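Remarks on the structure that follows.
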Protein chains: 2
Amino acid sequence: MSFTLSTTASDSKARAGVLKLAHGEIETPIFMPVGTVGTVKGVHNKELEDEIAAQIILGNTYHLYLRPGTSILEEAGGLHKFMGWNKPILTDSGGYQVYSLAANRKINEEGVKFSSHIDGSKHFFTPEKAMEIQRSIGADIIMAFDECTPYPCEKSYARASMEMTHRWLRRCFDHLEKIPELYGYPQHLFPIVQGSVYPDLRQKSAEFIASQNAVGNAIGGLSVGEPHEDLYEMTDLVCNILPTEKPRYLMGVGTPDNILECIDLGVDMFDCVMPTRNGRNGMLFTSEGIINIKNKKWERDFSPIDPNSPVSTDTFHSKAYLRHLFIARERLGPQLASIHNLGFYLWLVKEARKRIIDGTFKTWKTQMIPKLKNRL
Amino acid sequence: MSFTLSTTASDSKARAGVLKLAHGEIETPIFMPVGTVGTVKGVHNKELEDEIAAQIILGNTYHLYLRPGTSILEEAGGLHKFMGWNKPILTDSGGYQVYSLAANRKINEEGVKFSSHIDGSKHFFTPEKAMEIQRSIGADIIMAFDECTPYPCEKSYARASMEMTHRWLRRCFDHLEKIPELYGYPQHLFPIVQGSVYPDLRQKSAEFIASQNAVGNAIGGLSVGEPHEDLYEMTDLVCNILPTEKPRYLMGVGTPDNILECIDLGVDMFDCVMPTRNGRNGMLFTSEGIINIKNKKWERDFSPIDPNSPVSTDTFHSKAYLRHLFIARERLGPQLASIHNLGFYLWLVKEARKRIIDGTFKTWKTQMIPKLKNRL
């Protein structure tokens with residue numbers, strides 16, 4: 001893996017970079033579509049590549065561990081081969097879903113016991129286990145096993161959890177060294193900064209993570225319900241501590257305006273279910289604002305879904321047609337909306353990168369933010 | 001419209017033809033994917049054209065009348081423009097759905113009163129109304145308003161219904177002459193033979209329909225639960241009466257083996273929801289037999305979904321992956337299965353056409369039928 005910062009904006013901490021991984025190069029800042037359980041919901045690989053222009057996607061360790069399971073993934077030769085995606089993949093550690101989806105969670109120093117949300121079967125995740133599962137999945141970038149604290153969170157709990165996450169990180173690194181890569185290419189472990197919304201905890205965590213000299217670093221525990229001010233304050237604080245020359249990944253963020261603000265603070269990588277999840281419910285993000293395509297006002301609007309979109313289905317189909325598909329509860333509605341939203345997110349980060357390189361990012365961002373929040 | 005029978009098999013009544021319509025040419029025998037309410041469920045237009053190689057699709061008048069409604073369709077410039085499909089379209093008359101979906105049906109000589117299955121709103125379809133709606137939709141081929149009798153059906157009811165369908169046909173023709181085409185290209189009305197499974201009624205109906213000198217003719221009221229022997233017997237009887245030089249459309253049929261058998265009897269056009277509906281439930285039709293992809297036996301089968309398929313997703317993705325998508329209830333599962341099944345149906349009729357032309361249809365059909373029925 002290599003990370004080259006090809007330029008730095010003069011009036012912002014925003015960066016444009018190139019991240020090289022075994023399965024290809026990624027131009028940062030980048031948004032990673034979420035491919036939960038071996039598929040970006042409702043989207044074909046070909047659409048991901050040709051229409052959306054995704055450069056890297058995310059897989060969820062918790063989901064993939066439960067279905068199809070590591071044995072099948074190994075037999076397939078890893079997730080890339082199983083799902084037919086030959087560009088880079090990043091997997092989370094499973095921690096977040098264990099806390100948000102699984103039942104009967106019991107966390108202690110050793111790890112987390114939980115029951116599957118699918119069949120109630122009992123499982124035990126430890127830092128070591130999370131590394132082993134991620135070896136079986138075979139993503140290019142893998143994540144440390146952490147505890148993602150909820151919001152709000154008592155400071156004493158946040159501190160103890162953060163310290164445990166730091167101890168778990170050492171176990172991740174140690175165990176990963178002992179277990180070989182399975183598919184002949186390297187996997188890179190990113191540690192995760194925690195500390196809830198407490199500046200002193202965030203600082204301590206960021207300093208600890210920075211000292212680990214990992215090839216890339218992540219910021220976790222945000223976008224879990226806290227006010228946007230806290231999200232930006234914590235991200236800013238942490239980005240000022242994490243090493244400049246390593247990629248920074250802000251986990252689970254966010255809305256289009258969140259993404260532009262956090263690019264401005266020095267974040268390089270993002271993922272979020274919002275474009276696909278909200279898309280499936282008929283919410284479209286566009287360069288002019290947010291559209292609820294189910295609204296009556298689009299009933300006879302025969303203009304393209306998004307005339308400025310690089311996605312061919314956006315210029316091919318009309319808003320009236322897409323609305324009709326949603327009203328008639330046709331599968332094609334969520335499909336088209338997911339492609340649109342992902343295409344828009346990828347367009348947004350590509351455009352941001354262009355503006356960083358030509359030195360106009362800050363001006364452009366200031367113009368874009370009100371439009372992105374606008375309800376059409 | 002023109003229909004050219006380019007060849008006739010020597011050992012079968014199977015025919016290969018070319019049907020020319022305003023929106024393009026169709027090579028017969030042909031299968032028409034069902035695009036119920038302005039979309040073939042879960043399938044993009046591009047996939048329909050490039051992967052499945054559909055030449056004509058079917059729209060349902062009942063569904064399109066209720067949603068989006070004729071006013072929106074007219075404002076869009078017809079269904080072709082509304083949904084972005086520029087090849088031929090055929091619409092049914094709405095009759096079948098009125099009988100199978102709507103509530104509180106009351107049929108009399110004038111027409112059918114019914115309540116919408118969506119919101120209970122009351123509507124009244126007459127032969128005249130069916131012509132007007134189909135003008136608004138703007139399909140290349142439109143169907144006469146008929147009553148599709150259920151199975152089983154008392155002979156006295158079948159006779160009375162058939163006679164009313166014949167009277168309704170005259171009203172369709174008469175009214176269609178009075179109302180202009182809306183979009184500058186011709187629409188062609190196909191009348192429908194009824195008569196349930198009674199040979200004398202079918203003969204009478206086929207003779208009446210043949211005497212109308214329509215540009216094409218349809219066989220309705222079959223594939224509604226009757227034994228296959230009856231389906232074949234009625235189809236054979238009717239095909240022997242309907243004019244040779246006009247295309248014959250067997251409505252709502254059927255399984256792959258049904259289709260080959262009925263091609264053998266002289267049918268040129270087919271439609272059925274089976275490839276998409278069964279596909280959404282995980283049933284795949286292939287040249288080697290039927291696959292229930294949810295079965296455990298495919299769990300670790302990393303061979304292509306269908307190695308012989310013209311559809312790229314069939315050779316790209318494995319059975320194990322498709323099974324995983326179904327087990328995890330991912331949208332992409334039904335999407336891939338629908339594309340596969342439609343691609344297979346289109347391959348099947350194309351292959352049949354090739355065999356008719358080279359004179360080997362009967363031999364090929366005899367080899368194919370047991371394979372098509374085989375459960376893998």
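Cβ coordinates are placed from backbone N, Cα and C, and glycine is handled just like the others.
Per TrEMBL, the feature domain 'tRNA-guanine(15) transglycosylase-like' maps to B:12-371.
Annotated active site, proton acceptor per TrEMBL: B:Asp92, in sequence order. A coil conformation is recorded for B:Asp92 (active site, proton acceptor) in the three-state DSSP classification, outside any helix or strand. Neighbour list (B:Asp92 (active site, proton acceptor), Cβ cut-off 8 Å, at least 6 residues apart, same chain): B:Leu58, B:Gly59, B:Asn60, B:Thr61, B:Tyr62, B:Met143, B:Met251.
Annotation comment: TrEMBL describes B:Asp92, B:Ser93, B:Gly94, B:Gly95, B:Tyr96, B:Asp146, B:Gln194, B:Gly221 as substrate binding site. Taking the Cβ of B:Gln194 (substrate binding site) as centre and 10 Å as the limit, one finds 31 other Cβ atoms among all the protein chains shown. According to DSSP, B:Gln194 (substrate binding site) is assigned to coil rather than to any helix or strand.
Sorting the region 'RNA binding' (B:252-258) by DSSP state (H, G, I as helix; E, B as strand; all else coil) yields 3 helix, 0 strand, 4 coil. Taken from TrEMBL, the feature region 'RNA binding' applies to B:252-258 (among others).
Residues annotated as active site, nucleophile in TrEMBL: B:Asp271. Secondary structure at B:Asp271 (active site, nucleophile), taken from DSSP and collapsed to helix, strand or coil, is strand.
According to DSSP, the region 'RNA binding' (B:276-280) comprises 5 helix, 0 strand, 0 coil. The region 'RNA binding' feature in TrEMBL is assigned to B:276-280 (among others).
The Cβ centroid of B:Asp92, B:Ser93, B:Gly94, B:Gly95, B:Tyr96, B:Asp146, B:Gln194, B:Gly221 marks the substrate site; residues of that chain outside this set whose Cβ lies within 8 Å of it are B:Tyr99, B:Met143, B:Ala144, B:Phe145, B:Glu147, B:Cys148, B:Ile192, B:Gly220, B:Met251, given in sequence order.
Taking all protein chains in view, 30 other C-beta atoms sit within 10 angstroms of the C-beta of B:Gly221 (substrate binding site). Here the Cα atom of B:Gly95 (substrate binding site) is found 16 Å from that of B:Asp271 (active site, nucleophile). Geometry remark: B:Gly221 (substrate binding site) versus B:Asp271 (active site, nucleophile), CA distance 13 Å. Across the region 'RNA binding' (B:276-280), the prediction's mean pLDDT works out to 98. The C-beta environment of B:Gly94 (substrate binding site), restricted to residues of the same chain at least 6 apart in sequence and closer than 8 Å, consists of B:Asn60, B:Thr61, B:Tyr62, B:Tyr65, B:Phe125, B:Ala130, B:Ile133, B:Phe145.
Taking only the Cα positions, the spacing between B:Tyr96 (substrate binding site) and B:Asp271 (active site, nucleophile) is 13 angstrom.
Residue pair B:Asp271 (active site, nucleophile) / B:Gln194 (substrate binding site) shows a Cα separation of 17 Å.
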